[in-house]
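Shown next, in structure tokens, is the structure this report addresses.
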Amino acid sequence: MGDKSGQSALRTYKSLDEEGLFGSAELPKRPTGSLVMHSMAMFGREFCYAVEAAYVTPVLLSVGLPKSLYSMVWLLSPILGFLLQPVVGSASDHCRARWGRRRPYILTLGVMMLLGMAMYLNGDAIISALIADSRKKPIWAISITMIGVVLFDFAADFIDGPIKAYLFDVCTHQDKERGLHYHALFTGLGGALGYLLGAIDWAHLELGRLLGTEFQVMFFFSSLVLTLCFIIHLCSIPEAPLREVAKNIPPQQAPQDLALSSDKMYEYGSIEKVKNGCVNQELVLRGGKPKNPAEQTQRTMTLRSLLRALRSMPPYYRCLCVSHLIGWTAFLSNMLFFTDFMGQIVYHGDPYGAHNSTEFLIYQRGVEVGCWGLCINSMFSSLYSYFQKALVPCIGLKGLYFLGYLLFGLGTGFIGLFPNVYSTLVMCTLFGVMSSTLYTVPFNLIAVYHQEEQKQRALGGGPDGSGRGQGLDCAALTCMVQLAQILVGGGLGLLVNIAGSVVVVVITASAVALIGCCFVALFVRYMD
């Protein structure tokens, strides 16, 4: 590794004096193939999300879930995620597994997603095979299905934070931006494919007859796609384990002197030993001294230290979290009720009519067209994420953020005031703009904030972070998605009951998005 031929493809770790501010933690440029492989996790996750959106309501109805338990199903997962996400984010920042900090959590949550899908798509079949008592079957089927839905939602919501933190750990700032665009691209593609497969009537096809029901068909496709995508993702970019530097190194020795300025090169992601220990990249970035592993783990895993770390966030982090909350509240308000809006308001159907009545069949037709609208949203989200890279030099992150909220607010307001089949489907393209914006711009800003903090720490004048890491910051940001789900699930149902029409949901989404326009323009911090 010491010859000159390998130096063009691999950067070395050198001291701060030798290579400037970030020489001690410079990362190699990641090839496009590695970033695409890393993005496959988002493809698999969104594919399974789309399958859940298409099938979870029919599944819950098929097992006889009482209406009084619907709110519990939809609210339990985001409440758990909102409370526990920062804890897992902080824990992953200090995970010392040989496989890396983020990948053990990603693998665990991926297995939980697979288990949750198996339970809610096959719960009735599992109980029928295990329990012979017909009186107990419905209770057990409802219980297993509910647990499966909550487990899947919990893991799928949770996994976004570790995936983003994994990307940030192993990539340069430029590669982080490219990686986030690929994430948004494959998120849209996965959602579109999931909606398309969900729209197929599998019950009348040979595969449906072979596997039993359309629920089993979708579980077959979902489990296959999720497994393959996560295997590719976990093998995409090597991740260095977070290890303490050898104990026999004198404590007064500066971090940049710890074999980082030697002639030997160390690739990020490899597990090269330095004497009796490993290079700790985060230690070098923070300019701190190694601590006892037990003391460090105990400090970061206590609730008090976690709350202290969250409170120590600079004001601009909190403003970014608030803007993310506003955006997701507007987006989910529209998306969760969109198919119902198409069936009731656009098609003038009746979801409470007799199942053989004309009004109910019209409502079902509206729901089917609404699913195609969601597919258009996913496809345009992928397309827009591709063009974002060209727009950033022209309008910057501030322009992208503002434009996403503005177009979504105007589009939802238009279909709320003038509901029409064709105009509504056209406006679904603007939903894709908002979706791509929410998946990329806030995390781009997190990456920019961390880069700025690293520069300040290298100059000796920046904050020490007070125990915060990229995992905790990403978790705090994705917590806003769960909080938005809680607000939407707990508040919009009451709002619809008061207003007596689903139109109020679309108008509310428009108003919240337009408020978000003002917030992202006035309060969110942007850096050149």
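Positions of Cβ are set from backbone N, Cα and C atoms, glycine also.
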316-338, 339-361 - the range that TrEMBL marks as transmembrane segment: 316-338
Stretch with greatest number of CB pairs under 8 Å, the transmembrane segment (316-338) reference, 367-387, 399-418, 502-524 candidates: 502-524
Candidates 138-159, 474-496, 502-524; stretch with most C-beta pairs under 8 Å toward the transmembrane segment (399-418): 502-524
Residue numbers, six or more beyond the limits of the transmembrane segment (474-496), whose CB comes under 8 Å of its CB atoms: 71, 74-75, 77-79, 81-82, 85-86, 88-90, 157, 160-162, 164-165, 168, 310, 313, 317, 320-322, 324-325, 328-329, 331-333, 336-337, 442-443, 446, 502, 504-505, 508
Same-chain residues near the transmembrane segment (180-197), Cβ under 8 Å, at least 6 residues beyond its ends: 35-36, 38-40, 42-51, 53-54, 163-164, 167, 218, 221-222, 225, 371-372, 374-375, 377-386, 388-389, 432, 435-436, 439-440, 443-444, 447
Annotated stretches the transmembrane segment (138-159) and the transmembrane segment (367-387) touching (3 or more Cβ pairs under 8 Å): no
